[in-house]
Amino acid sequence: MSSSRPVFRSRWLPYLLVAPQLIITVIFFIWPAGEALWYSLQSVDPFGFSSRFVGLDNFVALFHDSYYIDSFWTTIKFSTFVTVSGLLVSLFFAALVEYIVRGSRFYQTLMLLPYAVAPAVAAVLWIFLFNPGRGLITHFLAEFGYDWNHAQNSGQAMFLVVFASVWKQISYNFLFFYAALQSIPRSLIEAAAIDGAGPIRRFFKIALPLIAPVSFFLLVVNLVYAFFDTFPVIDAATSGGPVQATTTLIYKIYREGFTGLDLASSAAQSVVLMFLVIVLTVMQFRYVESKVRYQ
C-alpha cells in the first residue's frame with residue numbers, strides 16, 4: 001500500500017517553503033502583538049522615549065473609564081448589527097439571484113460592484129446621499145416628514161455607519177453564498193419540488209442546512225470585518241461622533257494612540273480587543289461549529 005505523503009528530496013525544502021509565511025506572521029502579527037502587550041504594562045511618555053513599568057494599572061484605568069465602557073458596548077452593538085445584517089441581506093440576494101433565470105449575469109455583476117469600492121469611498125458616497133442639506137435620500141425622507149441629520153442624532157449616525165459597512169461587505173458575502181447555492185445538487189431541489197415543497201420550504205429545509213459550512217465561515221469573517229475593517233467607514237462618515245456615539249474600540253485605539261499620544265492606554269485597549277476577538281472566535285467554533293454539518 002503506497003503512502004500519499006509527499007516525499008521531498010531535501011529535508012530543508014519543507015521548512016524553506018513555509019518560511020515566507022512564518023516570517024510574515026512573525027513580523028506583522030506576533031511582533032506587534034508582543035509590542036502591544038509590553039507597552040500595555042508600561043507608562044510611556046507621548047514620544048515613546050522613556051517608559052516605566054506599572055503592571056496592570058492601565059487595564060484598571062480602562063475599566064474605570066466611562067468613555068471606554070461606552071465604546072465597548074458600542075462595538076458590541078455595531079458588530080452585531082453589521083454581522084447579522086450583512087449575512088441576512090447577502091443571503092437574501094444570493095437566493096434571489098439563484099432563482100432568476102433571465103438576466104442573472106447582470107444581477108451578479110451588479111452585486112459585485114461594491115467590492116471594488118474602497119471603504120472610505122463607500123462612506124463618502126453614502127454621506128453625499130444622506131447629506132442633511134443636499135442629500136438625495138434625505139430629500140426623499142423630508143417629503144415624508146422625517147428630519148435626517150446624522151451629525152446631531154446618534155441613532156442616525158449609527159444607522160449610517162452600519163448601512164455603509166454592510167453595503168461594502170455585501171459583495172464578499174454574496175459571492176460565497178451564491179457559489180454555495182450553485183453547488184447544491186439540482187436533483188435534491190427537484191425531488192423536493194415533486195414532493196410538493198414550495199420555494200421557501202425548499203430553501204429552509206434543503207438549501208440552508210447544506211450551506212451551513214459557508215455560513216459559519218462568513219460569520220467568522222464578518223465578525224472580524226466589523227471589529228477591524230470598518231475603521232475607514234467610521235472615520236470618513238462620522239469620525240466617531242456625535243458625542244462618541246459611533247466610537248468603536250478600534251477607533252478609540254487610533255484616537256488615543258495617534259491623536260492623544262497615549263501609547264500605554266492605546267496598547268492596553270489593543271490587548272483587550274485582541275482577547276475579545278479571540279474569545280468570540282473560540283465561542284463560535286465551540287458552540288456554532290458544533291451545529292454545522294460538513295459534507
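Here the Cβ of each residue, glycine as well, is placed from N, Cα and C on the backbone.
Considering the side of the membrane named for each residue in Swiss-Prot, Ser10 and Ile184 coincide.
Within the same chain, the transmembrane segment (157-177) stays apart from the transmembrane segment (263-283): fewer than three Cβ pairs sit under 8 Å, each pair at least 6 residues apart.
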